[in-house]
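Encoded as structure tokens, the structure appears first; notes follow it.
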């Protein structure tokens with residue numbers, strides 16, 4: 001185009017072509033003028049390219065005494081693989097990192113002041129955060145000094161504290177145990193005021209009484225809460241106890257009181273939550289005091305996550321009436337740790353059933369809750385979606401799906417629920433899919449499959465959604481098809497086909513691989529198992545199950561696969577098998593209490609749940625759970641009595 005006599009031309013491929021060539025030059029070491037030394041690894045690059053991407057490197061290059069020579073930059077605290085990821089990004093604008101490497105990429109981006117990359121990595125970590133990992137994510141965010149990331153993690157912890165309290169990371173945290181004696185007819189104040197007084201007491205114990213935080217955590221501490229709302233030290237109830245005052249007093253005290261120089265031991269909250277040395281790499285800012293989240297778990301029993309003098313820890317607090325009506329003598333503390341939940345505050349009861357009986361449903365864990373969607377009963381395919389809270393043993397409804405659907409599977413991808421394919425009970429198999437947005441409690445259509453698909457397996461792997469196998473339009477034989485959905489491009493593409501046709505198979509992810517288990521080729525049940533490697537796009541047959549089955553469910557627990565129930569060609573079955581990938585072996589486990597075919601199976605926390613299904617006579621709405629320690633299934637649950 002030549003406006004006003006000037007030639008105007010825009011080459012749409014120039015930038016992409018040029019950056020690809022630049023990256024090739026970097027990898028071959030041509031025209032490079034900077035050497036990065038990263039923990040003994042040497043990397044060559046071009047100063048001009050790196051200076052455009054990294055303000056940190058720009059400052060270094062700009063201060064070079066010889067701007068025309070070779071620059072040398074040394075890093076002893078970065079992961080070489082992470083730096084290589086950032087170099088590729090600098091040359092291609094594409095950020096590609098294995099999930100295990102994202103934290104290191106974040107750290108390197110922070111060092112190099114690549115804020116956009118740091119934010120993208122932080123958002124990725126948040127999308128993968130759950131109740132099992134949020135504590136380590138908080139330690140990481142605190143160590144990095146990222147207030148945005150830290151605030152989002154803290155908000156998640158506040159919402160899911162009770163679920164988090166059952167996880168291994170929580171149990172490893174250092175803990176402060178408090179027994180608060182109450183005068184007659186006196187109740188503890190609200191969480192906020194209560195823990196402000198507790199923090200005040202901890203500070204005074206450390207800086208005025210000379211205690212260390214580690215010493216305070218070694219045994220249960222006895223405090224006394226009087227009728228005039230004063231918190232007294234239970235060990236000094238002879239009238240010499242210090243009264244801990246208002247919030248203003250607390251703030252002034254923190255500002256004015258300098259750290260004591262003494263020989264007391266220090267502790268820190270490591271990434272695993274264990275006690276560690278003062279120079280541990282993961283520690284909150286020194287002298288930070290903060291209540292992160294708290295819950296009243298029962299009458300006068302409180303649970304709290306807090307930062308005490310920079311240490312992320314747990315505070316257990318139990319209030320009980322004192323045998324004395326006034327602090328004239330020290331109350332005696334039971335060695336049974338009565339600050340913890342008492343046995344009579346736990347009740348065992350049959351698990352609440354779903355509102356609807358359903359078979360061929362989709363199930364998944366999301367935010368510590370069990371989601372059960374769709375399915376069919378004797379009358380119809382369902383649109384309804386139910387959500388189970390394990391801590392209250394209560395089912396509630398979420399927004400219904402747009403389309404009635406059964407004989408499908410559901411998966412969580414980047415924090416969102418996806419349902420794909422299935423049958424609506426009236427027409428041919430479905431090609432449509434939906435995504436549940438919890439922010440608006442509604443389902444949003446996703447791009448359709450290229451072919452209709454029923455009885456297929458669905459699973460999330462490496463940030464993408466896979467749909468595997470399924471039945472043909474006539475429902476008479478299985479398929480080998482495998483397709484993958486990219487939530488960024490919104491496109492479905494094909495990947496390597498299965499070795500064996502199969503439908504009604506169980507599908508899940510474990511250790512970076514995708515597993516498809518059992519199913520049927522036509523109507524003959526299979527015991528064969530295939531494993532997909534996304535690195536080389538191949539399916540491999542591995543050890544077969546002991547029992548051929550279709551319509552089974554699968555869940556992951558402690559790094560192993562548990563395949564539950566199904567149909568063996570004659571009957572609905574209750575048997576369960578466990579696969580150990582390190583041994584490539586299957587082992588029979590404890591049976592479910594009821595036969596279940598086409599049931600929903602999912603892991604929530606450290607528990608496997610089985611919901612719904614068909615027992616050979618009835619469509620089920622019942623629930624049962626698996627206890628790994630006892631190798632038993634039970635239709636009962638224990639919940640706190642409020």
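Note that Cβ sites are derived from N, Cα and C of the backbone, with glycine treated the same way.
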Listed as phosphoserine by Swiss-Prot, one of 277, 352, 634: 277
Per Swiss-Prot, the candidate from 294, 338, 431 carrying the annotation phosphoserine: 338
Record-annotated phosphoserine (source Swiss-Prot) among candidates 322, 326: 322
Contacting positions for the repeat 'Kelch 1' (384-421) when only residues 6+ beyond its ends and CB under 8 Å are counted: 127, 162-163, 349, 351-356, 358-366, 368-376, 429-438, 441-443, 445-446, 449, 452-460, 463-465, 467, 470, 485, 487, 504, 507, 598, 604-605, 607, 609, 611, 623, 637, 639-640
Arithmetic mean of per-residue pLDDT over the region 'Sufficient for AHR interaction and signaling' (164-368): 66
Number of helical, extended and coil residues in the repeat 'Kelch 1' (384-421), per DSSP: 0 helix, 21 strand, 17 coil
